[in-house]
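Trainee: In case it helps, Swiss-Prot gives these features for our protein:
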{"type": "BINDING", "residues": "73, 104, 123, 124, 125, 126, 127, 128", "note": "S-adenosyl-L-methionine binding site"}
C-alpha cells in the first residue's frame, strides 16, 4: 500500500525535510509514504479565500491516485490515540487500496473536498504549523506501523 501524503505548500526548512525523510524511510515497502507537494494558489489583491481554496482543491484532486481512499487532515476531524490510529492503518493495509492523505494550504481545505473525504483526521485541537504537521504525520504513521509489528518503538 502507498500512502500519498498530498500537501499544499513547498519550500520547507531543512529540518522538516530531514525529519520527514527519517520516518518515511523507516517504513517498509508494504506501507510506503510518498510526499506530493503542490503549490499554493497565488494570492492577490482581487482574489478571495474561497477562490484560493477551490483552486487548491482542484490541484489536490488531480494529484489523488485513482481508487485511493481520500483522507483529510482537518481541525474538526476525529482525534485518535496511537493504538486507535494503528487500527485505522491496519484497516487501510487490509483494504489493498492506496490512501491519499491530504493537508490543505494556509486557509485550509475547500468544504467540497472535506465532504468527499472518507475520513477526517484531527491531529489536535491546537492550530499546528504546516512544517510540524509533515513531520508529525510521518512519525505517527511509523509509530502506528511499529504498534502493528509489536516493535518496541511505541511504549504504552
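Placement of Cβ uses the backbone N, Cα and C atoms for every residue, glycine included.
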Trainee: Please report the number of other Cβ atoms within 10 Å of the Cβ of residue 125 (S-adenosyl-L-methionine binding site).
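Mentor: Around the Cβ of residue 125 (S-adenosyl-L-methionine binding site), 8 other Cβ atoms lie within 10 Å.
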Trainee: Considering all pairs of residues in 73, 104, 123, 124, 125, 126, 127, 128, annotated in the record as contacting S-adenosyl-L-methionine, what is the maximal C-alpha distance expressed in whole angstrom?
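Mentor: This binding site's residues have a maximal Cα-Cα distance of 16 Å.
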Trainee: Whose Cβ, among the binding-site residues 124, 127, has more other Cβ atoms within 10 Å than any of the rest?
Mentor: 124
Trainee: With the cut-off set at 10 Å between Cβ atoms, which of these binding-site residues ends up with the most neighbours? Options: 73, 126.
Mentor: 73
Trainee: Give the residue from the binding-site residues 123, 128 that has the most other Cβ atoms within 10 Å of its Cβ, counting over every protein chain displayed.
Mentor: 123
Trainee: Can you tell me whether DSSP puts residue 73 (S-adenosyl-L-methionine binding site) in helix, strand or coil?
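Mentor: Its secondary structure by DSSP: strand.
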